[in-house]
Amino acid sequence: MLKLNEIKTNFQKERQIGISSILKSTILTQKVFKTLIQKDQIITKQDKSPVTIGDYGSQALINLLISKHFPNDKIIGEEEIQDLQTTSNSPTLNQIERLINETLTTKLESETDEEVWKNSRIPKSLNQSEILETINLGNSKEENEDEGNGERFWTLDPIDGTKGFLRSDQYSICLSLIINKKVTLSFISAPNLSTDPYPSSSNPSSKIGTLFYAEHGKGAYQRPINTNDSSIYSPIRTNPISFNGFQTSGTFCESWESNHSNQILNSKILAHLKLSNPTPIRLDSQVKYCLIARGDVNVYLRLPIDLNYKEKIWDHAAGSLLVEEAGGKVTDMWGKPLDFSLGKTLIQNEGIVASHPNLHQSLLDAIKSVSKL
């Protein structure tokens, strides 16, 4: 284990702000679940209002702290405020206001993390106009305009993994800083993921809720979300499994939702590779990247059903850096590096492949072979 101040960084302030902002937004998402989603309630696909409230509230809190300390930085967030400004959505805005203000007065467990908010002199409450203005700081422009071409900007997904959140399964809050077209810092809060290897053991000391952090050239790390000593981080590494080892005992993950990834193509690729246990681990959100980064799972495939579909940068920026800094490799399905410099979508890329370098070329070769069939 390492103390945070032992992990060298060129971005001390950015690191502090990134960590404290997503930890505070994590509290808000947990409040949303506890107060707006009954545990025994059946959540239908159409009933997404609690997630919407969590998305807006989480984005507001992250934008609030970033804009306070880095007022000249652009923020590309997933949520926009147009729908909230209609009269019919005033009850939603009321709930967002209440949850944000409750969260602002809820202290983080670590004094060090909370001190960042205290020293920032953030108001203890915001009115609805201030909330809308803060959410809108992350207002993306039209598809692939110049917002991704600046020297420095943040991108965030305030709740990644909608369905996982609704069923109290895996979801994440993801934030990254992109400088000179490269993902430089990444932060992922996984509130329902144990710090123990996945699937979690029954170890009574296991902590539920994991924070991941990575910096370009400095490595990848994790710590419990809720801890009195927020300075202690554990380095994480991808599993350097050989290709033969992967065939006999390898593991593979893909999206929970069948409309997010071509699960049929994935199964054909695994059959082509002669994987002994081709049963996929299906999960929501960038938690999949987290499992690859710390060696719990060997391969993550997200291959498009429609080649015209382009992935959003906030769905992959944080996770891809985490895997790469843990010793892994992330490309699109044809082996091209992911390009985060062209707006809010990965317009030059098709699909996602993440693994240890020992496996990566074999995966790409299999994709090419199966795609020709």
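Backbone N, Cα and C atoms are what each Cβ position is placed from, and that goes for glycine too.
Unlike curated entries, TrEMBL annotations are predicted automatically.
Listed by TrEMBL as binding Mg(2+) are Asp157, Ile159, Asp160, Asp315; the candidate from Glu14, Glu78, Glu79 that the record includes in that site is Glu78. For Asp160 (Mg(2+) binding site), the count of additional Cβ atoms within 10 Å of its Cβ stands at 28 [all protein chains shown]. The Cβ neighbour count for Asp157 (Mg(2+) binding site), using a 10 Å radius over every protein chain in view, is 29. Long-range C-beta contacts of Ile159 (Mg(2+) binding site), restricted to its own chain and to partners at least six residues apart, with a cutoff below 8 Å, comprise Thr29, Val51, Gly54, Asp55, Ser58, Phe165, Tyr171, Ile173. For the binding-site residues shown (Glu78, Asp315), fewest C-beta neighbours within 10 angstroms: Glu78. What surrounds the Mg(2+) site, by Cβ distance within 8 Å of the Cβ centroid and not counting Glu78, Asp157, Ile159, Asp160, Asp315, is the set Asp55, Leu156, Pro158, Gly161, Ser172, Ile173, Cys174, Ser285, Gln286, Lys312, Trp314 from the same chain.
In three-state terms derived from DSSP, Asp157 (Mg(2+) binding site) belongs to an extended strand segment.
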